[in-house]
């Protein structure tokens, strides 16, 4: 059953339409990540759920209650901000207990809760310190602790890890995942980092220009994107997109002409009418370098070695560069001519409107 | 020249520059102070004498002629009273302008500042007449009200520029934590702004203490603060420089000592917003 339901949510600024009819339902205990490029409306959506921004249309329902017009302070949501937003004049202990004191919880209960939260976040030794005496990671933990201690209905995270350095970010990401497992509380998390989205989320909501582009589990989005936008946004390195010059329709297959090369594609995988033009999408790991033959040829422009694997940037005959995942041991020289094999099963086709027109076959 | 020498030279030159400016600014106060220990004759002698036998006669004469404590109390009441009143009005005003600005907030702020550009003498007659009609001439109430109005734009601006720099997320975090607007002000904004508020108050007190235009025109004796007392020493019978200096030294002394103790706040108050 839906716990948080958003129906046709609209947000207009003076002459800017920030949220264009958002419909979304989130079940209790889910970890949902809003992701998208800057300016897509993900933070606005989160802040509207929080009540920090007012909506200009639509409704938000939480646990069976309409909260669209309710003040932030009465929504029973907790939020962790990008800047942590700790109270600088209060100690860690006071930061943690601020909400409880406002709610007039008894002193004994406050002490007990602060103690257990600070123990679980390893903040025990820091309780008497002021925020300015803490490191970035410690501040982050206080901010999270301040949210946990209240036991809210939903946690809202607004890019909480983007101020941390890379190593700490990975560590905190794991801690957040653990925390969600332990608490089982509904969490909504905003980020522009698709890796964070993929690793944390039960479900990812991809936003683009104030609208939901696609909602799904991380794997669904990766394997079955609805649009070119989603396909390009999810996955590093990006999906290769090669426009087909010509399509020849045969009995049960389509033949794409990619500047001299041909690729055969089973016609039954096309949704709807057979297309006259298409863009072929293929991820780097579904391309491989072969000694001879192959479907495409090109020249190596540069190779990125990551240790466990390598990404070869290869210039095709039409001067387009594609990325191919290769084994790390493979000896690759710049300028070398290579043959590339395409895993046709993994090809995704897009039409002129950047919508997906093919389906990936069910795995055997 | 090595880099190190260059750096030293740079420090020396900036130091010299700072000291020069500081001495120029300090000189009048220093001159007033030593003149207060001269005889009237020494005070006007040319060339001025730096070395002389100091005398306390001027101070005893000032004490005989005017009631220093009475004027000092008037100064304290008017400057502190008007500062408290100004803060009571300015804190909520600056808060709402900083955290809930409307389309016209900027205009209101500029308009407030523009009133400081009006020469005070331009409103002398109407204000004098209002005070006369309400029986407020030579009353501390009138001075408190006038000082409040005089400093309100500066107080609002200083608080506004401080509040504006407070991270909005902190207030939003409080709101998410269940704080009402009243809680936000009392439990978050005010404790965070104690430094800004006290330095603003200090500046306002100093400005009121030094105010002489309205004190001279609106008071005679009962409500006359120290500035009015000093002015009484430049009399038509001639200038008594030594006694005038003694009176001025007495008038300045409390605020200088007060300012000295609050130096840190004052510097912070004049520069906050400029440096983060």
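Don't overthink the numbers, they just go from 1 along the chain as shown.
Any Cβ shown, glycine's included, is placed from N, Cα and C.
TrEMBL: automatically predicted annotations, no manual curation.
Per TrEMBL, the feature domain 'ABC transmembrane type-1' maps to B:72-262.
According to TrEMBL, the transmembrane segment annotation covers B:12-34 (among others).
As annotated by TrEMBL, transmembrane segment applies to B:72-96 (among others).
Remote same-chain partners of the transmembrane segment (B:108-130), defined as residues 6 or more beyond its termini with a Cβ less than 8 Å from a stretch Cβ, comprise 97, 136-137, 146, 150, 152-154, 156-157, 160, 213-214, 217-218. If you look up TrEMBL, you'll see B:108-130 (among others) marked as transmembrane segment.
Per TrEMBL, the feature transmembrane segment maps to B:142-163 (among others).
Sequence-distant contacts of the transmembrane segment (B:184-207) (same chain, six or more residues past either end, CB-CB distance under 8 Å): 79-80, 82-83, 86-87, 90-92, 95, 150-151, 154-155, 158-159, 162-163, 166, 170-171, 174-175, 255, 258-259, 262, 265-266, 268-270, 272. Per TrEMBL, the feature transmembrane segment maps to B:184-207 (among others).
As annotated by TrEMBL, transmembrane segment applies to B:240-261 (among others). Same-chain neighbours of the transmembrane segment (B:240-261): 29, 32-33, 35-36, 38-40, 42-44, 58-59, 61-62, 66, 68, 71-72, 75-76, 202, 205-206, 209-210, 226-227, 229-230, 233-234, counting only residues six or more beyond its ends whose CB sits under 8 Å from a CB of the stretch.
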